[in-house]
Amino acid sequence: MTRKNILKAQRIVVKIGTSSLILPNGKINLSNIDELAFVLSDINNKGYEVILVTSGAIGAGLNVLGMNERPKDIAQQQALASIGQVELMSLYTQMFRRYSQKVSQLLLTRDVTDFPLSSNNAENALNALLSLGIIPIINENDAIAVDEMDHQTKFGDNDKLGAIVSKLVDADLLIMLSDIDGLYNKNPNIYDDAKIFKEIHDITDELRQMAGGAGSRFGTGGMTSKLAAAEILFENQQEMVLTNGKRIREIKDIIAGQEIGTYFYQKIEKEEDA
Ligand SMILES: Nc1ncnc2c1ncn2[C@@H]1O[C@H](COP(=O)(O)OP(=O)(O)O)[C@@H](O)[C@H]1O
Ligand SMILES: N[C@@H](CCC(=O)OP(=O)(O)O)C(=O)O
């Protein structure tokens, strides 16, 4: 069955997690970055407005310094993210240039949600970039915003940032690329009999029970933060598809309405059904 709403989508936010950008050996997944640049440039040429929210700065920083373990020290993590962000953007710029696609960078902090002026500034900048045919590449400004990195008040991650950006620009669809095919009724990396959800229409406590934490040694958000992202989208009747970042070319099939991954959308009761 075709996902009819998605066929109407024009403004797409794509969020890619660390596990799709950093290989298990800690090296950068160059082929995934190249494929992402190709697919996003291609759909941009076809008239879609595209925004990329990328994780991977800390992972890339570890790679640059030849470190294996993510340090516990917050300042060290901030330094790693600052080093890795440069590496990541250098690769993105090179790869997108191969497809004649211009990109830009925005590093956001929580103030785009907490302060209306900052939110307005970010929204204006993003709309101006999209109108110029640019693909904005966004990450959290990890060197400044440290809430998400192992603090007691840890609540941030790029899953939620993807949802916040989608809300900011009134995106038609958020495509969340992870290292798993979708949301399951339990962690499929632990339970062989886990079953995938094709559609989710409401984020319930029961569903939250099924979602666990990060799966890769570089990830931060886990499924819990993906459900939190969906809740932010549901506030504005926005939609999300969660799928595997190992099959980046499937983005084209997703926007063509094919049933890939887990589709998060609210079923709006029609008057006659109410
Ligand atoms: N119910 C679930 N369904 C799917 N994945 C789950 C579930 N519970 C926990 N996970 C874990 O969440 C991981 C994906 O989140 P994460 O590690 O943060 O990756 P990323 O942020 O790079 O997408 C999966 O690899 C899996 O191990
Ligand atoms: N800003 C951090 C994001 C960390 C994060 O949310 O990672 P992930 O759970 O892999 O999306 C980084 O770039 O490493």
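Glycine residues also receive a Cβ, built from the backbone N, Cα and C atoms like all the rest.
DSSP gives Ser225 (ATP binding site) a helix state. Among the features that TrEMBL reports, ATP binding site is placed at Lys15, Ser178, Asp179, Thr220, Gly221, Gly222, Met223, Thr224, Ser225, Lys226.
If you look up TrEMBL, you'll see Ser55, Asp142, Asn158 marked as substrate binding site. The Cβ neighbour count for Asp142 (substrate binding site), using a 10 Å radius and every protein chain shown, is 26. In three-state terms derived from DSSP, Asp142 (substrate binding site) belongs to neither a helical nor a strand segment and is classed as coil.
Annotated domain 'Aspartate/glutamate/uridylate kinase' per TrEMBL: 10-244, in sequence order.
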Neighbours of Asn158 (substrate binding site) among the binding-site residues Lys15, Asp179, Met223, Ser225 (Cα to Cα, within 10 Å):
Lys15, Ser225
About how far apart, in whole Å, are the alpha carbons (Cα) of Asp142 (substrate binding site) and Lys15 (ATP binding site)?
16
I want to verify one value. Collapsing DSSP to three states, which class is Ser55 (substrate binding site)?
coil
Once the DSSP letters are reduced so that anything not helix or strand counts as coil, what is Lys15 (ATP binding site)?
strand
Out of Ser55, Asn158, Asp179, Met223, Ser225, which of the binding-site residues has the smallest number of neighbouring Cβ atoms within 10 Å?
Asp179
